[in-house]
Each structure stands twice: as C-alpha cells, then as structure tokens.
Amino acid sequence: MRRWLTLATGLVECLCFAGAVFGWASLVFVLKAEGYFSSLCVNTTDVNGTQVLDCSEQDEQLSLVFTVSSFMNNFLTLPNGILFDYFGTTVARLFAILLYTIGALTMAISSSALSILLYPGLSCIAVGGILLLLTNIQVGNLFGSRRSTIITLYNGAFDSSSALFLIIKLMFESGITLMVSFIALAACSVIHLLRTFLLLPKDKIPYPLPDSYTYGATCRKNSPPTLTASGDGAAASPSPEKSFRECVFSWFFLFHIVWLSVLQLRHLLFIGTLNPMLQRLTNGDPYLMSQCTNAFALTQLCGVLCAPWNGLIMDRHKNKPLASGETEREADLRSSVLSLGLTVLQCLLFSVCASIPLLPLQYLTFILQVLNRSFLYGGNAAFINIAFPTAHFGKLYGIAMSVSAVFSLLQYPCFILIKGPLEGNPLYMNIALTLLCLAAFIHPIKVHHHCRRLGFQRVSQVSS
C-alpha cells in the first residue's frame with residue numbers, strides 16, 4: 001500500500017507542479033495582457049502609411065525569459081543531480097521546495113513595472129520543478145518489472161503539468177489575478193513537505209531492490225542493500241559496474257546527448273515562438289489566438305497518457321525469457337532501440353507539420369508535439385537508468401540535461417534570425433531544424449549495432 005501511495009502522490013506532484021514552465025504559451029498570453037515589457041512597444045508606420053503598434057521587441061524580451069528559464073531548468077540539473085546522488089532524497093527535495101516557493105512568490109509580486117522579476121521567478125520554478133521530477137524517477141525502482149513504464153509515466157506527468165499555466169490563464173480571464181494564483185501555488189509547498197517526510201526515503205531507493213526493503217515515516221532505518229534477486233528476476237550477482245568517468249566518456253553517453261540536444265532544441269524553439277506564430281497565422285485576431293493557445297495547452301494534458309506507451313515499448317521483454325548468456329541490462333538495451341528510433345521519427349513528423357503555415361494543421365502539430373515530447377523526456381530518463389549504473393543516475397542525468405541546455409541556447413539567436421533577416425517567416429529555419437533532426441538517428445543505430453555485436457559474441461562463446 002505504501003508503494004502504491006508513493007507512486008500515486010508522486011504522479012500528482014509531477015502532474016500538477018513539476019514542468020509548469022513549459023506552459024509558457026499560456027502564461028505569455030496573460031503577461032502581454034498585463035503589459036509586461038509593454039514599454040518596448042513603439043508606434044511605427046506600415047507600407048500603407050497607417051500607424052501601427054510594433055511589439056516585436058516585447059516578443060523578443062518575453063522569448064528571452066523563456067530561453068533563460070528553460071536553460072536554467074536543464075543546465076542546473078547537473079548540480080541538482082550531484083546533490084541528489086551525494087545527499088539523498090530529503091536534502092534534494094527540501095532544496096527543490098525552497099526554490100519552487102521562492103519562484104512562485106517572486107512571480108506573485110511581479111508586475112508590468114517589475115517585469116524583470118520574470119527572470120528569477122520563472123527560473124526558480126523551473127529548477128525546483130525538474131528537481132522534484134528527479135527525486136520521483138527513483139520510484140520506478142519499487143516496481144522492477146515495470147520500471148521503465150513508471151519512469152516514462154512520471155516524465156509524461158511532468159510534460160502535462162505545463163497545463164498549470166493554462167489554469168492560471170483561465171482563472172485570470174475569470175477575474176483572479178496573477179498574484180493570487182502564484183501565492184496559492186507557493187502555499188502548495190506544504191504538500192510537498194509532507195510527502196518528503198512521510199512517503200519517501202531519506203537516501204535513495206536502490207535497484208535491484210533488496211528483500212524486505214522499507215522506507216518512509218514509520219521506518220527507523222532502511223534495510224541495507226543486499227545481493228538478493230530483485231522483483232523482476234535480476235541476477236543475484238551483478239557484473240562489476242562502470243566508473244563514473246567510464247560512463248561519461250562512453251560513446252553511448254555522448255551519442256545520447258546529441259540525440260537529446262537536437263530533439264529538445266526543436267521543441268523549445270517551437271514553444272518559444274508559438275505565440276508570434278499564432279499571431280501571424282490568425283492575423284492578430286485575439287479570439288482565435290486565445291482559442292489556439294488553449295488548444296495547445298489542453299493537448300499538453302495528454303502527455304501523461306502518451307508517455308507510458310514508450311515505457312511499455314521498453315518493458316515489453318520483461319515477461320519473456322532471456323537469451324542464453326544475456327543479462328537483464330542487455331535485454332533492456334535491446335528493447336530501447338525501438339523507443340529511441342520512434343522518438344526521432346515522431347520529431348520529424350512534428351517538425352514537418354510545424355513548418356507548414358496552415359492554421360488548421362497546427363492542431364495536428366500540437367498532438368504530435370506532445371506525443372513526441374513525452375517520448376523524448378521519458379525515454380531520456382529511462383535510457384540513462386537502463387544503460388548506466390543506478391549510483392551514477394543523478395549525475396549522468398544532470399550532465400545530459402546541462403549539455404542539452406547549453407545547446408538549447410541556440411533557440412534565442414534562431415528567434416532573432418526569424419524576427420530579423422527572415423522577416424517573421426520561420427519556414428527556412430523550420431526546414432533547417434527538420435534536417436538537423438536526422439542526425440538524432442545516429443543514436444538508435446549505434447545502440448542497435450552494439451546489441452547485435454553482443455549477440456554475436458554470445459553465439460561465438462556458446463559455439464566455442
């Protein structure tokens with residue numbers, strides 16, 4: 001009962017709070033209505049000699065806010081991962097809750113006159129949220145045979161939590177101010193604190209899970225790790241684990257970073273430029289823009305439904321016998337190839353649809369985007385958990401997210417390029433990014449070749 005309660009409350013936590021920053025498209029609609037950075041709008045004359053209000057600099061500043069917060073969300077995952085690996089769950093979560101509360105309160109006191117507070121406020125919410133997710137991913141270790149499914153489910157809930165800003169937008173339209181909404185968000189930190197002390201271990205949940213493992217408020221001490229079989233029938237004597245240095249400099253990890261960085265850049269640029277894109281496709285019609293923004297935010301709720309499909313793909317071999325001489329980790333790697341390849345294919349389809357300037361088609365783009373984003377982040381966490389020792393998970397996950405964050409900074413110069421030389425038309429940029437996504441196919445191909453090589457080695461050993 002304790003394990004299922006931990007799973008359920010963790011799902012609610014990720015679903016309602018962790019990835020709120022990616023609901024930017026809904027929040028920016030409210031921020032514009034409230035006049036954030038409105039001083040950057042200037043009166044200009046169009047080609048017909050009509051006076052129009054040019055708010056391109058306001059769009060650039062708001063885009064920069066999202067770029068910085070999404071960068072901080074990923075880049076600071078490295079120190080967060082180190083904090084989690086060395087100090088355990090309780091310390092990491094207390095730090096996450098502190099950041100999240102500070103961010104929510106900062107957003108609450110921001111205003112059009114204090115627009116600059118968007119930078120620290122949204123960044124703290126982003127960093128605190130990803131750390132809450134990081135401490136929840138280990139819950140998958142409690143369900144050995146469905147570990148990847150649980151991990152991807154949590155990442156899907158993280159994606160769906162972007163709908164939190166849609167709720168704030170709808171509340172704003174019904175008369176509830178941003179200050180009230182963000183103060184209420186800060187007050188919810190009490191729930192996170194209770195869950196930290198009552199339903200999670202002080203240190204970390206090991207994998208494979210020892211017999212009679214206990215945790216939580218009623219347990220004085222967790223059972224020490226043993227070399228007994230795990231819940232999913234893993235071998236009792238695991239092979240020697242790789243060192244942290246060996247993991248970081250392995251081609252497995254390097255190609256995985258390329259895979260994550262390229263696909264993530266495509267998603268972040270889409271989210272960051274969604275508001276200007278909809279403004280162009282709707283000819284500035286506020287009703288149509290609001291309708292499309294709501295549709296995009298609502299599709300994000302489906303992330304929690306899409307992500308487990310990826311986990312089921314990765315766990316599909318669990319009830320089948322292992323090949324002769326094959327380890328559980330090798331079988332997991334073999335199953336991950338299909339997941340990695342499907343994720344790239346989905347991103348290509350999403351990118352192609354996003355490149356076609358037809359408003360009705362963008363509803364399909366929204367669906368493909370949330371499906372692919374769920375596969376991307378869930379698959380990222382599950383692959384690192386599968387391919388590398390559990391003891392290094394926090395640090396490796398942090399490095400992958402940090403490096404991809406540095407790469408994602410390209411979204412801002414891309415946005416400037418679209419607004420400047422490309423005169424607001426993102427077609428050529430979208431084509432370039434679609435072609436770049438092809439590079440991500442290298443990762444699943446390399447993993448597939450690695451698994452085949454291991455299979456040939458096992459056959460050779462049996463024959464000899």
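Cβ coordinates come from backbone N, Cα and C, glycine included.
Note that the structure is a prediction, hence the values are computed from the model and not measured.
Annotated in TrEMBL:
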TRANSMEM  7-30  transmembrane segment
TRANSMEM  62-84  transmembrane segment
TRANSMEM  91-110  transmembrane segment
TRANSMEM  116-139  transmembrane segment
TRANSMEM  151-172  transmembrane segment
TRANSMEM  178-200  transmembrane segment
TRANSMEM  248-274  transmembrane segment
TRANSMEM  294-314  transmembrane segment
TRANSMEM  335-357  transmembrane segment
TRANSMEM  396-421  transmembrane segment
TRANSMEM  427-445  transmembrane segment
Out of 91-110, 294-314, 335-357, 396-421, 427-445, which stretch has the largest tally of CB pairs under 8 angstroms to the transmembrane segment (248-274)?
396-421
Per the Cβ under 8 Å criterion, with at least 6 residues separating them from its ends, the transmembrane segment (116-139) contacts 6-7, 10, 13-14, 17-21, 31, 36, 65-66, 68-70, 72-74, 76-77, 80-81, 84, 89, 92-93, 95-104, 106-107, 109-110, 150-151, 154-155, 158, 161, 192, 200, 204-205, 381, 385, 393-394, 397, 401
Residues of the parent chain within Cβ reach of the transmembrane segment (335-357), under 8 Å, 6 or more residues beyond its termini:
259, 263, 266-267, 270, 280-281, 310, 313-317, 364-365, 368-369, 371-372, 375-376, 379, 382-383, 386-387, 426-427, 430-431, 433-434, 437-438, 440-441, 443-444, 447-448, 451
Would the transmembrane segment (178-200) count as touching the transmembrane segment (151-172), i.e. at least 3 C-beta pairs under 8 angstroms with sequence separation of 6+?
yes
Answer yes if the transmembrane segment (178-200) and the transmembrane segment (7-30) have at least three CB pairs under 8 Å among residue pairs 6 or more apart in sequence, and no otherwise.
yes
Out of 7-30, 62-84, 91-110, 294-314, which stretch has the largest tally of CB pairs under 8 angstroms to the transmembrane segment (396-421)?
62-84
